[in-house]
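Chemist: My questions all concern the structure below.
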Amino acid sequence: MKATEVIEKLKAKFPGQPEYIQAVSQVLGTIEEEYNKHPEFEKANLIERLCVPDRILQFRVSWVDDNGNVQTNLGYRVQHNNAIGPYKGGLRFHKSVNASILKFLAFEQTFKNSLTTLPMGGAKGGSDFDPHGKSDMEVMRFCQAFMNELYRLIGPDEDVPAGDIGVGGREVGYMFGQYKKLTHQFQGILTGKGLEFGGSLIRPEATGYGNVYFLEDMLKTRGESLEGKTVLVSGSGNVAQYTIEKLLQLGAKPVTCSDSNGYIYDPDGIDAEKLAFIMELKNVKRGRIKEYAEKYGVKYVENARPWGEKADIATPCATQDEINEAEAKTLIANGVFAVSEGANMPTEPAAIKVFQDAKILYCPGKASNAGGVATSGLEMSQNSERLSWTREEVDTKLHNIMDEIHANCVKYGTEPDGYINYVKGANVAGFMKVAKAMMAQGIY
């Protein structure tokens, strides 16, 4: 396989889908060497089969707003690959949703799910419906109308959606209720459910906890630990909050937190009491992080990100493309030797190159934030067993999964000079499991 030739063919076949082409390009560039060690893959034209989704489903969603007007949105489900398990991936409700974005996300989800070591294929779906500014009743009516179409395409052994941007516990609950009404069946057809009807303990904490477990494993490769390390954390939502919580439990000192207006720097560290304030501020009061600075008398920098502060470790947990090339150089100059992504794709490609050229520890979110989808998989297991595991059981299983993801990244990402390229390791590890399953199942 020549990655460039495959990409050119896909560009011609799927014009006007830049997000999808970019995602495929990034993965193919890192797996090309390993792929070419297996001539049987090329004979089966495996890479083209893997790059094209099994199916893309598009449907109309009509619903009535509070003024009695009929609204129409587009709904999608991209079922990318089910070689290792039922299709699994979130539903996104956002005005930017289109086929290209969902194809890109489903492609990425296939490898991310493979990395978790759990039997889950890859999918993604959603709608161009925007829940912001809508009443609860409007959101409920839309979710019910959306499920009126989606229910035909999903099932516990076929396709199990979850939440994503614009789809939280409220939306999952509305869709689950409608599925139950339509089918007269109580099944684990969605994850991210409430604890009262089949949800899992640790699910809210999972992405943040898993991020720190992976970070801990990375540090061990250099004889280091989290004890006493100063950590820069961006964001102040779910992932950032539970990243900070687990950092504290393992002896680290998180010193920053941010939102879209700016960041706070607390040289004494964000302790358990201060974290409780952040959780109350963000989850209940919906306030701004500036209020933390006002309460505790620490530095607040408006319209900036925390990457200019001195620290040992950085973990971006806010949003896409939040570390650029210049910020990456600043982080290294200020003593940062490890970066673990809590958010999805928060580091720009040029910044990743800076980290790798400097030989610091860097892991992409595909591996380090896989704890969320891993715990969704554990929710599926509990639903199948008709059991609910304890908090300790789920946390132990999550920790073991993150350890195994790290081991696979090391296996496939270790360079001849001993440096661990976690980007390559994550992509190759995820790819190889899916590729071997596809080969075993024949041409279909």
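Residue positions begin at 1 at the first shown residue.
Quick reminder: no glycine exception, Cβ is built from N, Cα and C everywhere.
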Chemist: Of SER340, SER368, SER376, which does Swiss-Prot put in the substrate site with LYS88, GLN109, LYS112, GLY163?
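Modeler: Site partner of LYS88, GLN109, LYS112, GLY163 for substrate, according to Swiss-Prot: SER376.
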Chemist: Quick one: which residues besides LYS88, GLN109, LYS112, GLY163, SER376 have a Cβ within 8 Å of the substrate site's Cβ centroid, in sequence order?
Modeler: GLY89, GLY90, ASN113, MET120, GLY122, ALA123, ALA162, THR191, GLY372, VAL373
Chemist: Let me check the 10 A CB neighbour count of LYS112 (substrate binding site). How many other CB atoms are there?
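Modeler: That number is 27.
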Chemist: Please state how far apart, in Å and to a whole number, the two most distant Cα atoms are among LYS88, GLN109, LYS112, GLY163, SER376, the recorded substrate-binding residues.
Modeler: 16
Chemist: DSSP secondary structure for THR207 (NADP(+) binding site), reduced to helix/strand/coil, please.
Modeler: helix
Chemist: Far apart in sequence but close in space: which same-chain residues, 6 or more away, have a Cβ under 8 Å from SER376 (substrate binding site)?
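Modeler: Set apart from SER376 (substrate binding site) by at least 6 residues yet with Cβ under 8 Å, we have LYS88, VAL160, ALA162, THR191, GLY192, SER200, ARG203.
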Chemist: State the Cα to Cα distance, in Å, between GLY163 (substrate binding site) and LYS124 (active site, proton donor), rounded to an integer.
Modeler: 10
Chemist: Report the nearest neighbour of ASP164 (site 'Important for catalysis') in space among the recorded positions GLN109, LYS112, LYS124, THR207, ASN238, comparing Cα positions.
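Modeler: Answer for the nearest of the recorded positions: LYS124.
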